[in-house]
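Noted in TrEMBL for the protein shown:
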BINDING   L138, G142, H143, L144, E262, S371, P372, F373  (6S)-5,6,7,8-tetrahydrofolate binding site
DOMAIN    26-402  domain 'Serine hydroxymethyltransferase-like'
MOD_RES   K247  N6-(pyridoxal phosphate)lysine
SITE      H246  site 'Plays an important role in substrate specificity'
Amino acid sequence: MSTAPVDFAARTAAHSMDGFWKDDLAHADPEIAAAIGKELARQRDKIELIASENIASRAVLEAAGSVFTNKYAEGYPGKRYYGGCDYADVVETLAIERAKQLFGCNFANVQPNSGSQMNQAVFLALLNPGDTFMGLDLNSGGHLTHGSPVNMSGKWFNVVSYGVARETETIDMDEVAAKARESKPKIIICGGTAYSRTWDFPAFRAIADEVGAVLLCDMSHISGLVAGGAHPSPFPHCDIVTSTTHKSLRGPRSGIILWNDEKYTKPLNMAVFPGLQGGPLMHIVAAKAVAFKEALDPSFRDYARRIVENARALAASLEENGLRIVSGGTDNHSMLVDLTAKNVTGKDAEKGLDRAFLTCNKNGIPYDTRSPFVTSGIRLGTPAGTTRGFGVEEFRTIGKLIAEVVDGLAKNGPEGDAQIEESVRQRVATLCAAFPVYPGM
Ligand SMILES: *Cc1c(COP(=O)(O)O)cnc(C)c1O
């Protein structure tokens, strides 16, 4: 063994980590930094009307980009499979306690990585392959994970879908009851992605009780409204409640599972880890905790109320400007616009509106005759616009702008009316400048 003293200065120089610790993204990876910069500009300069999107706070972004990215914390607070979890425990415990307080329930699992995984965890906990569950049909506004044939939920289980009535375009509770009696599902799911009416949780509870089903609410789209008191709570009616955290709730991209009865605690926690996931995304758990704190602030009630008020104003403005709203209006943050009478497809409308700096998505309407790649409608939502500060006046204007672009498409076909689209872009720019996104970032 050599007895020569180690030359530490030479060793540090030879393994210089200066860039690793000091380079910001713009220096380390200009291509990715440029794309992020352009994405920020896009979010600033266009009006976001996608009903499932929002604009998270700077604090949420900071937590999501934090050093918890480095940490493995398999297990749950106080029962981890790794050392060094003291602060991971602090973060996860805060997230759990805040989620419980926010939604008024006894138990919470804040580890699901996404909305799809939270629902998979409920299936894993309560069903065996081949078992029957009921959910809202995708064509009526349900979610992929509620039994679509292309999703695991549709491939591994026997799915009985309920839909909306042709006449009212709202959920027909008699149909739900009849199908439940006939199929005896183990789980009935309420909640969806493109349904603009209030969910009648007590009515679902009565049906679930009658047939002995577990009642699951997937409140992903409306959880911000529930948190802010602008939509009835699924508790105490539903046994298990799942939610994404990045939609109206305005947190990081992720999922949570909530419940009241202790009997679900072990199966649900075991299903998330080790059933489906390994190490939780602790940086995202931290960001969820931050978002829950924000949603517990009294100002969030005002935010939730304004989301609904703005959605009503947008729907009314669209109708006044000649567009039909599915089911005749909205009770929540979202709406489906039926473009059939204008002979414009959802696909062309999405593209035309994007050219005019209005971002939304094409969406099938109930009993749509066009394919899911074309569709006869668009889905609109107000959570993101409400976050940047738009009120009723701004959303009435946005309704008018959308109608102008659609009329241009009706007149000229898919390429639209360039003059109208330019004029709309200018008015969008005025609105965006008055209500800046991430100023100073
Ligand atoms: C968005 C959504 C999901 C899935 O969320 P991902 O995070 O995209 O996997 C699940 N259920 C409903 C009702 C949703 O709206």
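Glycine residues also receive a Cβ, built from the backbone N, Cα and C atoms like all the rest.
Here the candidates are the binding-site residues E262, S371, F373, and by Cα distance the one nearest H246 (site 'Plays an important role in substrate specificity') turns out to be F373. In sequence order, G135, L136, S148, S161, G192, T193 are the residues near G142 ((6S)-5,6,7,8-tetrahydrofolate binding site), counting only same-chain partners six or more apart with C-beta under 8 A. A helical conformation is recorded for L144 ((6S)-5,6,7,8-tetrahydrofolate binding site) in the three-state DSSP classification.
The two recorded residues P372 ((6S)-5,6,7,8-tetrahydrofolate binding site) and the residue listed as 'N6-(pyridoxal phosphate)lysine' have their Cα atoms spaced 22 Å from each other.
Less than 6 Å separates the Cβ from ligand 1 in the case of H143, drawn from the binding-site residues H143, S371, P372, F373 in sequence order. Over the domain 'Serine hydroxymethyltransferase-like' (26-402), the average per-residue pLDDT in this prediction is 98.
Taking the Cβ of E262 ((6S)-5,6,7,8-tetrahydrofolate binding site) as centre and 10 Å as the limit, one finds 9 other Cβ atoms among all the protein chains shown. For S371 ((6S)-5,6,7,8-tetrahydrofolate binding site), applying a Cβ distance below 8 Å and a minimum sequence separation of six or more within one chain yields no residues.
A helical conformation is recorded for L138 ((6S)-5,6,7,8-tetrahydrofolate binding site) in the three-state DSSP classification. Summary for the recorded positions H143, K247: the Cβ-based neighbour count within 10 Å is maximal at K247.
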